[in-house]
Every structure is written in C-alpha cells, then in structure tokens.
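TrEMBL has this to say about the protein:
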| type | residues | note |
| --- | --- | --- |
| COMPBIAS | 1-16 | compositional bias 'Low complexity' |
| DOMAIN | 23-85 | domain 'HTH iclR-type' |
| DOMAIN | 86-267 | domain 'IclR-ED' |
| REGION | 1-20 | region 'Disordered' |
C-alpha cells in the first residue's frame, strides 16, 4: 500500500491531548518539556505559552522551577530556554532499564546485518510514535537518519498505522479525531483512506507498508507485550521499487523477527535477560 506523502503538521500544529490529571502543576511542567522538539533549540516564555496553551504567568513560574531543578537552561542573551543534560540522562536510564530493549536489540541487529535493512522498535505517545531503538544500515548516503528518541507522525507511518490497527474503535476514533484537527479536510481525505487500508492489511496479514518519505519503503507489525503494552516493529530500506514488491520480499523476515522478539521478551520476564 502506497501511503500519502502529505506533509506532516508542524510541531506547533500537533493537537494537545486532554485527560484527567491528578496533579495540575506536574502536568503543566511536563507540557513545558514536551514543547521542545528537534529544530527548536531555544524557546521563550511566549513561544512556550503558544505551544502549551498555558498562560504566560504560569509558563514563567514553571520555567523558573525547571531551571532551578536543572531540567532547563536559561539563555540570558536570547531570553529563552533550552533542555538541559538531566533530560538526556532520563532517556538513557529508560533505555538501559528496559527489559524489552535488552531482549529485542540483539535480534534487531542480527536481522539488520543479515538483510542490510533498517530495523526499528517504537512506542506510541499521543499522536506520534517514538523510536525506542533504531538499527540503521545505510547502503548509500541518506539525508534522513532515525535515532532512538525521535518522533514520527502516527498517521503517516507504517509504525503508527500498525499501532492504530490494534486499538479498540472508541480509542482509535478519538485519537484520529484529535489528529485530524491538524489537517485541512482535503488534505486529510487521502491520509484517512491510507490509514483504513493499512489497518485492514494488519488485520488480514499482520503487517502494513508505507512510503511517506520519497525513496524509503517501510513496513511494520504490532508487537503486543505480556505486560499489555503494544509496540510497533518495523523494517525499512532505501529502494526505488513499488511498495508492494518490497513488502512481499521482506514480510516473512519481519514477522519472523516479531515472533523471535516476542519469545525473547517472554523468556526474559519483567527483569530482562541475565
């Protein structure tokens, strides 16, 4: 299935998700941290207010607290903020402690080297998929390099569409309704149709494929963990071939990797492999 190559909404256009909060101050502080994305090195209080929907006074108090806590650095010349080193350390701690990554990464590396393809594992976060691990095999120079921690849009990627296929209808419909707010009606129509086709493919054959970046074909399958979480496992490569042709060639390897990762995670248990 060829995916739409409609442009991704900008970071500021990606809709915020509502929910019941037990601690409003903490939630708002986390929204400040979420506002920082690649390409936005420095953000002032006004920009943070625009991105989070919080008042300028609230943003000012929170940024001061985050600077004091070491999570933001204040650039006095620019009168703006950037993320500080402790944020990076949290990501490293998460990856180091993950039993799923400990079990899956060696298998992903093995397949990447064997087939000379890229292999990734991602989790959903609001309207994005976040790479937990990304094994890159570059046979030729590429302008796009995916690394762990990078976000990609759920609605445009095989990773996201595979994940959407596992969601119950009420949850999926609410999620898509929120994502759709970032699109014009005419722009959303082909994206919505591609999502429906991808979900049907997952339900029928346990995978879907997409090409949302020119010259890159990706295919993904949902990975349901014993603890109940659903991740997406993908395989991608730079190739000038039709999506269906590439998918037919690699689908068995992708699904075999999924089965192997599932077994490894189950054997490792919650504490991970020894």
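A Cβ is built for glycine as well, from the same backbone N, Cα and C atoms used for every other residue.
Automatic, uncurated: that is what TrEMBL annotation is.
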The domain 'HTH iclR-type' (23-85) - residue tally per DSSP class, helix then strand then coil:
34 helix, 9 strand, 20 coil
I'd like to know the mean pLDDT over the domain 'IclR-ED' (86-267).
93
